[in-house]
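If you look up TrEMBL, you'll see 12-36, 75-93, 113-133 marked as transmembrane segment. The repeat 'Solcar' annotation in TrEMBL covers 15-100, 107-200, 209-304.
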Amino acid sequence: KMSTEAFRFAEVFSYESLVHAMAGAAGSVTAMTVFFPLDTARLRLQVDEKRKARSTPAILSEIVKEEGLLAPYRGWLPVICSLCCSNFVYFYCFHSLRASWLRGHKSTPSRDLLMGIAAGVVNVLVTTPLWVVNTRLKLQGAKFRNADIRPTNYSSIMDAFVQIIEDEGVGALWNGTFPSLLLVLNPAVQFMIYEGLKRQLRSLVHRELLSLEIFLIGAVAKAVATTFTYPLQTVQSILRFGQHKQHTDRSPLLNSLRSVMYLLINRVRKYGMLGLFKGLEAKLLQTVLTAALMFLLYEKIASSTFSVMGVKRPASSH
């Protein structure tokens, strides 16, 4: 009897994690597509030092004027592929860990944070090469204010992989991994705040949350997490872009640490503390709206899938 129970548990737990993973991936892809031009504006501000930080609509109208109507959607496919894989891995790991670790116990913010960090580390190690390639493709053909930036010529996702490996070695596919590992705090903090606020609000209203409430909770969680980790996101973008000369005289970890510190200090020296937050307005606008819409779609897709399949969602996922 024990073995059939264990088998049933494994089956349900993997099925549930799969539903959460698919719902998370579908929700994020839809949300990212809607707000994609805002991400384009943010990336340009982070990577192109000579570009003046202005309002997001002004940056986008400049990009459209100089590079054509579809320029804000440049690199959409690789970003969507990366995002789909990334969120699938993240949601799957998060909910698998949760199902195996909680086993009927109540979820707490510290547990949510730890599970978020563990899921984030797996996600970073698996999907960083995809993000390196999509940062390059998104910036290919862009008109930069900074004349030192070398143009690239990738014809597809696979071609970008091949060229990067040939020209810069396999390790270049994991450029920016160190800040990315530090940045697992972002989704972890976001999930912790999101789950915490959801629990608090549920205990107050004693009913299923409305769409608007889920949207607002998702927005608040992402706004706090993004502002908290934004300087590292700028460094991560610069490293993934691959134009920063890295020292090669020490171990990879020391090089990564030196690169991160050098880029942060250099940015402050050139532009003051606010230089670390260049592009934050575009980033907040994009990620807060994207995350809010993603959480809303994720909750709706997951709950409707569970009800269609006749599976009662476990208490631990509330």
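Keep in mind that glycine also has a Cβ here, set from the backbone N, Cα and C atoms.
Since we're looking at a predicted model, the values are computed, not measured.
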Per the Cβ filter (under 8 Å) with a sequence gap of at least 6 from its ends, the transmembrane segment (75-93) is approached by 17-18, 20-25, 27-29, 32-33, 36, 39-40, 118-120, 122-123, 126-127, 130-131, 133-134, 137-140, 157, 160, 187, 294, 298
If I take every residue in the repeat 'Solcar' (209-304) and average their pLDDT values, what number comes out?
82
